[in-house]
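Database features (Swiss-Prot):
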| type | residues | note |
| --- | --- | --- |
| BINDING | 107, 149, 153 | Fe cation binding site |
| ACT_SITE | 150 | active site |
């Protein structure tokens, strides 16, 4: 369900929130559930959206801005003013497809690094919207991948943990100023 929260899709010189990068402990902590969706939560959503748009991103999880909460904002069409963002509060994956596909991913918390990641082709997720209403969504393609990528952040996982080719990954990380020792491979 598209969000009713509206922010201008533009780059700010000084975004409201600071991004955290690979190696920062906050990215490795499991996020806490949001117990009450209120005006403070909605302001955080606005700030996260503005930070995401300012950073040329299509998805952002609260841990990436140092906030240990289960909150995700996504906009797969940031250049389309008519396309509203998707807000997911306390999301849980209900079902994934058996079909796996590989595609290149990047991350605002690991700038400059783009690697192929295998993920289920289809994901069904349950979540609350910005008004605290329960929602479910079945997603494929870029949106499905983005939801899975951002949900990983809520569990202390970053996309490089899912990369198979460790040699190429180590080279890419090093080339962009990151240490391979920050990677924690997941099965």
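Every residue, even glycine, has its Cβ placed from backbone N, Cα and C.
Values in this document were obtained by computation on a predicted structure and should not be read as measured data.
This view paints the features noted in Swiss-Prot onto the structure.
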| residue | record | CB count, 10 Å |
| --- | --- | --- |
| 107 | Fe cation binding site | 26 |
| 149 | Fe cation binding site | 23 |
| 150 | active site | 24 |
| 153 | Fe cation binding site | 23 |
Measure from the CA atom of the residue listed as 'active site' to the CA atom of residue 107 (Fe cation binding site) and give the result in Å, rounded to a whole number.
9
Non-site residues, in chain order, whose CB comes within 8 A of the mean position of the CB atoms of 107, 149, 153 at Fe cation:
59, 61, 64, 105, 108, 109, 150, 152, 158, 159
Under a three-state reduction of DSSP output, how is residue 150 (active site) classified: helix, strand, or coil?
helix
